[in-house]
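Chemist: Handing you a structure now.
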Amino acid sequence: MPSGSGFHNIEEAGEKARKRDDWIAISNFHPGWFSVNMGTGITAILLQNLPYQFPGLHYIAVVLFILNVIIFFLFLTISITRYCLWPDKFKAMLAHPAHSMLLGTFPMGFATIINCIVFICVPVWGEWASRFAWGLWWIDAAVSVAICYFVPFMLMTKHTSSLETMTAAWLLPIVAPVVAAASGGVVADSLQNDTHALITILVCYAMWGSAVPLAMVILVIYFQRLAIHKLVPRAAIVSALLPIGPLGQGGFGLMQLGVVAKRVFPRLDFLAPIAGDIFYVMGAFIAMIMWGFGLIWLWFALASFTRGKFYFNIGWWAFTFPLGVFTTATTQMGKEFNSPFFDILGTFFSIVVTCMWVLVFALTVYKSCTKELFR
């Protein structure tokens, strides 16, 4: 084992590296960068499942999927390197009232990769890809639940915060299990083993129940913060879109889980013969209510953006994922309700998300090359 002086030398080397300009990206990297995965992944999912397809669209989705996988492993490598070189930064991140909230972006970004495996790889590669996605999903679900349970408790016990300094980023660790539950519905729908599918959707309903009501509590507190202290600072104004995330993804998750329940419950004689139909109908009903609730939060966000200028930062990725998951709920309602209205609206939202992804991705690459995002 290294001696005390050996540890000192390691720390000294890490400190010297931190001061070098070419290490600044690793030194100042934080979990919020995984929002790039969230935005890229949801864009690939939307294009793959667009109600109105055209030749070549599938290949664009495949390219984005591959890009997302590359970015994810790049960011994971940078994160591991950062905390190996500067172990104290991990504790500092957990103690930071803002950066700790961004931990939720890691499993949510990973969930988009799992969904793309189901949508893109399973139809080509078959059952083994479905089982592979299922295994990855269990990892994602465990990490999501751990973050959802741990970070809010840190907020209660360790972080110094006030109503005035609150932002919608408080939702991020709580939304992670909502995304995992929705992803579980997608994975379960691809499983050929009905027992595995049943276990998966029951776990998903439990995760949904753990996270969505808590997200609603946060929304109440956030509305009170806005009513009393007015809009958040301009640097964080893009976070105004975050509330539509749990509402859109929560609604999509219930509908997707209902689809699987309708198919699997009768086969396994689970509960009553009509249990699957009840879960399916109730899921669609609650999803419609959540979607409607999301509309007013979307209006609040859009109205907030008109109140003044705001400048680019990594938080701009909130332009993509929250609206993206709201769009998945929209297109799913078009599918389940056989509604051209929701198909057209979902297509419009998908185009908006794709355009925002192009803009934000280009700015992110440029600002990363100039290292402005790391200072």
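The backbone N, Cα and C atoms fix where each Cβ goes, glycine too.
Below are the features listed in Swiss-Prot for this protein:
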type     : residues : note
CARBOHYD : Asn193   : N-linked glycosylation site
TOPO_DOM : 1-25     : topological domain 'Cytoplasmic'
TOPO_DOM : 47-59    : topological domain 'Extracellular'
TOPO_DOM : 81-101   : topological domain 'Cytoplasmic'
TOPO_DOM : 123-135  : topological domain 'Extracellular'
TOPO_DOM : 157-167  : topological domain 'Cytoplasmic'
TOPO_DOM : 189-200  : topological domain 'Extracellular'
TOPO_DOM : 222-234  : topological domain 'Cytoplasmic'
TOPO_DOM : 256-277  : topological domain 'Extracellular'
TOPO_DOM : 299-309  : topological domain 'Cytoplasmic'
TOPO_DOM : 331-343  : topological domain 'Extracellular'
TOPO_DOM : 365-375  : topological domain 'Cytoplasmic'
TRANSMEM : 26-46    : transmembrane segment
TRANSMEM : 60-80    : transmembrane segment
TRANSMEM : 102-122  : transmembrane segment
TRANSMEM : 136-156  : transmembrane segment
TRANSMEM : 168-188  : transmembrane segment
TRANSMEM : 201-221  : transmembrane segment
TRANSMEM : 235-255  : transmembrane segment
TRANSMEM : 278-298  : transmembrane segment
TRANSMEM : 310-330  : transmembrane segment
TRANSMEM : 344-364  : transmembrane segment
Chemist: Is it true that the transmembrane segment (168-188) and the transmembrane segment (26-46) have 3 or more CB pairs under 8 Å, sequence gap of 6 or more?
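Modeler: They do not touch: fewer than three Cβ pairs between the two stretches lie under 8 Å.
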Chemist: Which bits of the chain, at least 6 residues beyond where the topological domain 'Extracellular' (256-277) starts or stops, bring a Cβ under 8 A of a Cβ in it?
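Modeler: For the topological domain 'Extracellular' (256-277), the nonlocal Cβ contacts are 181-182, 184-186, 188-189, 194-195, 197-198, 201, 204-205, 208, 283-284, 332, 336.
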Chemist: So, taking each listed stretch (60-80, 136-156, 310-330) in turn and counting its Cβ pairs to the transmembrane segment (344-364) that are under 8 angstroms, which one gives the highest count?
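Modeler: Answer, by Cβ pair count: 310-330.
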Chemist: Suppose I define contact as three or more CB-CB distances under 8 A, residues 6 or more apart in sequence; do the transmembrane segment (26-46) and the transmembrane segment (102-122) meet it?
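Modeler: Answer yes, regions in contact.
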Chemist: Restricting to the topological domain 'Extracellular' (256-277), report the mean pLDDT as a whole number.
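Modeler: Taking every residue in the topological domain 'Extracellular' (256-277) and averaging pLDDT yields 95.
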Chemist: May I ask which residues of the same chain, at least 6 positions away in sequence, place their Cβ under 8 angstroms from the Cβ of Asn193 (N-linked glycosylation site)?
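Modeler: When sequence neighbours closer than 6 are ignored, Asn193 (N-linked glycosylation site) has nothing within Cβ distance under 8 Å.
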Chemist: Top stretch among 60-80, 102-122, 136-156, 235-255, 278-298 for CB pairs under 8 A with the transmembrane segment (310-330)?
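Modeler: Counting Cβ pairs under 8 Å, the winner is 235-255.
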Chemist: By Cβ distance under 8 Å, which residues at least 6 away from the ends of the transmembrane segment (235-255) in the same chain are close to it?
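Modeler: Sequence-remote neighbours of the transmembrane segment (235-255) are 167-169, 171-172, 174-175, 178-179, 181-182, 185, 204, 208, 211-212, 215, 219, 222, 282-284, 286-288, 290-291, 293-294, 297-298, 300-301, 304-305, 307, 310-311, 313, 315-316, 318-319, 321-323, 325-330, 332-333, 336.
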Chemist: Quick check: in three-state DSSP terms, what is Asn193 (N-linked glycosylation site)?
Modeler: coil
Chemist: For the transmembrane segment (278-298), what are the same-chain contacts with Cβ under 8 Å, counting residues 6+ beyond its ends?
Modeler: 219, 241, 243-244, 247-248, 250-252, 254-255, 257-259, 261-262, 265, 272, 323, 326, 329-330, 332-333, 336-337
Chemist: Write out how many residues of the topological domain 'Extracellular' (256-277) are helix, how many strand and how many coil, based on DSSP.
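Modeler: Tallied per class, the topological domain 'Extracellular' (256-277) gives 16 helix, 0 strand, 6 coil.
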Chemist: The topological domain 'Cytoplasmic' (222-234): which same-chain residues, six or more beyond its ends, come within Cβ distance under 8 Å?
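Modeler: Long-range Cβ neighbours of the topological domain 'Cytoplasmic' (222-234): 163-164, 166-168, 170-171, 240, 243, 300, 304, 307-311.
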